[in-house]
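Below: one structure, written as C-alpha cells.
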Amino acid sequence: MNAFWIAVAAVSLLGLAFGAILGYASRRFAVEDDPVVEKIDEILPQSQCGQCGYPGCRPYAEAISCNGEKINRCAPGGEAVMLKIAELLNVEPQPLDGEAPELTPARMVAVIDENNCIGCTKCIQACPVDAIVGATRAMHTVMSDLCTGCNLCVDPCPTHCISLQPVAETPDSWKWDLNTIPVRIIPVEHHA
C-alpha cells in the first residue's frame, strides 16, 4: 500500500513539473498573431461561405495579408467590405471579382422545394452556418434568419430542389445600410 502512494505522489509531481514547464514555454515562446490579419478578419462578414476560394474568413484574411491575395473576392461582404479592406491596407479599390459592383445587393436565401426533397442531407453537410434542418429521408427546410445566401448548398443537391431567392424587405427585415453613412472621428481637445 505504501508503494501505491509513492507512485501516486511521483506521477503527481511529474504532472505538476511538466505542466509548469508547458505553461512557461507557452508564454516564453508564444507567437504573436499578425495584427493586420486580425483587423482584416474583423472586417470580413464571418459567413465562412468559401466563395472566395478559402475555407473561411480567417484563411482569406491571412492570404490577403501574407500572400497578397486580391481584396475583391468576398461576395457576401460586397463592395463595402472591399472598400474597408482597401482603406486599411492603403491600396486602390478593385471591382468585385467577376461581378458588377452593387452598393446594396439584394439579400438572398436558399429555398428548398419540399415536394422534390429526398432527404439526402448533402445540403446540410454543405451549409457553413447550419441554416438547414432536417433528417435522413425526411424533408429539409432552411432557417431564413441564419441563411447567408452563400450558394454552397445548391450544387450538392442531387434533385436540384434548392434555389436562391431574394428576400423581400419588410419593416422587420429592413436594416440601415450603415456603410453608406459617413463617419468622421472628431478629436477631443482636453483643457487642463
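Every residue, even glycine, has its Cβ placed from backbone N, Cα and C.
Swiss-Prot names Cys49, Cys52, Cys57 as [4Fe-4S] cluster 1 ligands; from the candidate set Cys66, Cys74, the record adds Cys74 to that same site. The annotation in Swiss-Prot ties Cys147, Cys150, Cys153 to [4Fe-4S] cluster 3, and of the candidates under consideration, Cys127, Cys161, the one tied to the same site is Cys127.
For the binding-site residues Cys49, Cys57, Cys117, Cys120, Cys123, Cys157, a Cα-Cα cutoff of 10 angstroms around Cys150 ([4Fe-4S] cluster 3 binding site) retains Cys49. Residues 45, 47, 49-51, 75-76, 106-132, 173 of the same chain lie 6 or more positions beyond the ends of the domain '4Fe-4S ferredoxin-type 2' (138-167) yet place their CB under 8 Å from a CB of it.
Each residue in Leu44, Pro45, Ser47, Gln48, Gly50, Gln51, Tyr54, Gly56, Tyr60, Arg73, Ala75, Pro76, Gly77 lies on the same chain as Cys49, Cys52, Cys57, Cys74 and has a C-beta within 8 Å of the C-beta centroid of that [4Fe-4S] cluster 1 site, without being one of the site residues.
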